[in-house]
Amino acid sequence: MGAGGGGNDVQWCFSQVKGAIDDDVAEADIISTVEFNHSGELLATGDKGGRVVIFQQETENKSQPQCRSEYNVYSTFQSHEPEFDYLKSLEIEEKINKIRWLPQKNAAQFLLSTNDKTIKLWKISERDKRPEGYNLKEEDGRYRDAATITTLRVPVFRPMDLMVEASPRRVFVNGHTYHINSISVNSDNETYLSADDLRINLWHLEITDRSFNVVDIKPANMEELTEVITAAEFHPHQCNTFVYSSSKGTIRLCDMRASALCDKHSKLFEEPEDPSNRSFFSEIISSISDVKFSHNGRYMMTRDYLSVKIWDLNMENRPVETYQVHEYLRSKLCSLYENDCIFDKFECCWNGNDSVVMTGSYNNFFRMLDRSQRRDVTLEASRESCKARQVLKPRRVCAGGKRKKDEISVDSLDFNKKILHTAWHPQENIIAVATTNNLYIFQEKVN
Amino acid sequence: MAGAEGDDSLYPIAVLIDELRNEDVQLRLNSIKKLSTIALALGVERTRTELLPFLTDTIYDEDEVLLALAEQLGSFTVLVGGPEFVHCLLPPLESLATVEETVVRDKAVESLRKISQEHSPVDLEVHFVPLVKRLASGDWFTSRTSACGLFGVCYPRVSIMTHTFESTLITAVMHFRTLCSDDTPMVRRAASSKLGEFAKVLELDYVKSDIIPLFTALASDEQDSVRLLAVEAGVSIAALLPQEDLEDLVMPTLRQAAEDKSWRVRYMVADKFSELQKAVGPEITKNDLVPAFQNLLKDCEAEVRTAAANKVKVFCESLPEDSRETIIMTHILPCVKELVSDTNQHVKSALASVIMGLSTILGKDNTVEHLLPLFLVQLKDEYPEVRLNIISNLDCVNEVIGIRQLSQSLLPAIVELAEDAKWRVRLAIIEYMPLLAGQLGVEFFDEKLNSLCMAWLIDHVYAIREAATCNLMKLVEKFGAEWAQNTIVPKVLGMANDSNYLHRMTTLFCINALSEVCGQEITTKHMLPVVLKMSTDQVANVRFNVARCLQKIGPVLDSSALQAEVKPVLEKLATDQDMDVKYFALEAISGMYLFNLPTYIFSETFSFSSILFFFFSFSLSP
């Protein structure tokens, strides 16, 4: 398997871990999404309990570079509550499926958060002044005798301890019949898309009561359904372009200039299936769980169950690069099917200059795939390596045959410990990795 | 000054000031809306030194409070001491102009524009211009977007100060240029939408040398949303330029916009087509706009075709008179013919709403030969909205060729709509019935449409039955009481014997609607006996509707009939076993006695004697 880090490679070291330490995990605490904002100064997580926690990068200790990557809680708020759809007798979970930051527009920060049905726009703002001085009562709340008022007092703003407030600004409802899997903000900064299993809608950020349906793959007869939308994203620079991936392993690129309804894609990215690898599980494992454009907009990355593929937008017939994430699981697919792990939706992300990609695996392993050197490394987010600035050791999995020293046998991997969500700071080598209920932050080792 | 007046007068103001920071948004909002009262009580001095600084810091509040505040400050000049001190209002408005909420920002800009007029030229230069510059070079895009809307208002007035005008203007153009090439699409959008307005206040030379390059750049921006706003700017700029410069300076860009890759930009061109036509004049219209319009009518995106179809009539109307007919017949009509059988219903429906207007432009012969076939195709369209749009515009064709010619083919379409499975479609056609009846005349109506109107009375949807009764009333208003007596009254009264109680009730509802327009004689002679007979109906709903009906038609009846016939029946109903019947009968009885009173009882000057009379008559009645 992969060669270890070394040479010119980045050495990753532990920085912080967030969340409870005990092994007893409350369902509500399971992290369901992780996202840096555009400057990397803020890091948001969403969980199954409908909460959003925002961490802010420490700015105080600029003199101590090793503390630069410390993130502390900035704001916590309940974004979604559990609901019940009485018409369809359906429970709507409060779980946060996705968080997307908006580019900063003024001193406040804005993010979109979504559960299965409802998308909300949140404003996170700071307040460091408060008004003082009443006419009719003292500052402590005691009322004054109205007869004693001889002059009018105008309140005055005085400095106070910094307070961070999160307030819901817009609630975008009734846009989706099925479960929302993706949201993505357009580069025009006034619209965004939301995708569910069968449809993609386009919203204006200031209009909550209507959206435009741009893709609808629902067949007239639901029995003919063979394919669902698994993820969708806008191009980072071209406001008219977006892609969506499907459960059949294809990616469609649509041009909103061509027509209002994008049912006809303008490009279809698909790799011909290798007949020798064909099995009962082929279709399940080819389903794409995440699609992400590179920062420069030239490439996109897709993640399926066993691999990460990088596509050049100008080449539709095959990916330019393919990386195996955990090929050793191919022999285990049967048991992974039985315990439902085969349906896990792993996400993937790019580093700041698109040279390395990261994605998760089982046993709290995550993978760094270096594109230029075609090198990859497996790292582990674990309690054992929680010492400050401790360098992460590469891990190796033994696929079969004789197990060498330091190698872990496939049979001893823990499939309950999975890393589905990871995020990479947009400029620096700082990564956030979500294990079940813990958020690990690692950074490049600084000498 | 307030202290001398004593404590009592201060109290309400004190409450208002305290509520500026109440936890309840509604109370804060109320207080902000009475800001002028607070300012008046504080006096101009304290308003400037205390109230405005406080307001400047309140930008953490809810949008609706900020919106109200931004609006209030626009008319606050007097309260801070008049034009001399108007610049004190700039700091709070400046902070409001940077909030993220568009409506608040726009309102702040609107107020800034308003108070800029109240600045003296010196103050404008000393206070206002620096504010615009600060906003234009602000860190956040919100302040930069707000700046875009202020260039247009403050510079023309600085020009009075001739010695600084040149330099001020040059910096203004420079700032605007920076905004047009801003990193964020939001600012470029704001600049794009205000470019036309800014151009209007500049001298022509500046427009040619500075604004045109900006326009060209924005019109080829990578963001669709910026390009589409540039179209509107292009129209305003074109209106400013002399004819001979249009071809070189704006037409290449506008032509390019009409063929833009993005349908949203083409849509914008189609949507602004009549303004564009007006701005560029007849020659360019003939040579450039006609082919462009043809292309838009044939666009591959239905949204674009819809927008263009909406403009067909206005475009044709404003074509130069000498060549109008030729252009329409050879260039526009062929495209229109294709649109009539478009695949998209919205396109057809947009066309149907304007196509009739072409007949007045083309005259009788062309209408009969070329347009009539198109109307007929649209009248038979599968979508009811298309047919409806045609029917609702029949009057324009009526003027040109007369309705007779249309009616033969019109009728089947109307009948079909009248029997549409969707009740909303039936409802819509009912609403056009009085209009159609007026156009077609009584003879044609009796022959073809009367039976339809009667059929609606027994529709299974209540809303249709209700609309049908209302329709009958309007028809009688048109055709008169005599016509009513001969044609519809017998049919309505006949339904009183129907086995379905809903139909029997319809009779009562019709009588409610018709009694007044039919007049006393018909009501007393023909309708009243039927109503009275129905008072013994076995269904309680019918009986209490009899009571209501009697109350309704009471004013139309003469008093002898009321006393002799109506009263006994109502008294009997008042002893009915059914609660509701009893209730409505009693209500009708008490209502009836009021009707007998002289009308001055209801006049506003309720004199003592009339009240006496009222009680008198009340006590006399049994």
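Cβ atoms are placed via backbone N, Cα and C, with glycine included.
What you are looking at is a predicted structure, and each value in this text was computed from that prediction instead of being measured.
As stated in TrEMBL, the feature transmembrane segment covers range B:600-620 out of the listed B:222-242, B:579-599, B:600-620. For the repeat 'HEAT' (B:89-127), the number of residues in each DSSP class (helix H, G, I; strand E, B; coil) is 30 helix, 0 strand, 9 coil.
Counting only same-chain residues 6+ beyond the ends of the repeat 'HEAT' (B:488-526), those with a CB under 8 A from a CB of the stretch are 450, 453-454, 457-458, 465-466, 469-470, 472-473, 475-477, 481, 533-534, 537, 539, 541-542, 545-546, 548-549, 552-553, 556-558, 561. Counting residues of the repeat 'HEAT' (B:12-50) by DSSP class, helix then strand then coil, yields 33 helix, 0 strand, 6 coil. Residues of the same chain lying 6 or more positions beyond the ends of the repeat 'HEAT' (B:527-565) and with a Cβ under 8 Å from any Cβ of it are 489, 493, 496, 501, 504-505, 507-509, 511-512, 514-516, 518-520, 572-573, 576, 578, 580-581, 583-585, 587-588, 591-592, 595-596. Counting residue by residue with DSSP, the repeat 'HEAT' (B:527-565) contains 32 helix, 0 strand, 7 coil.
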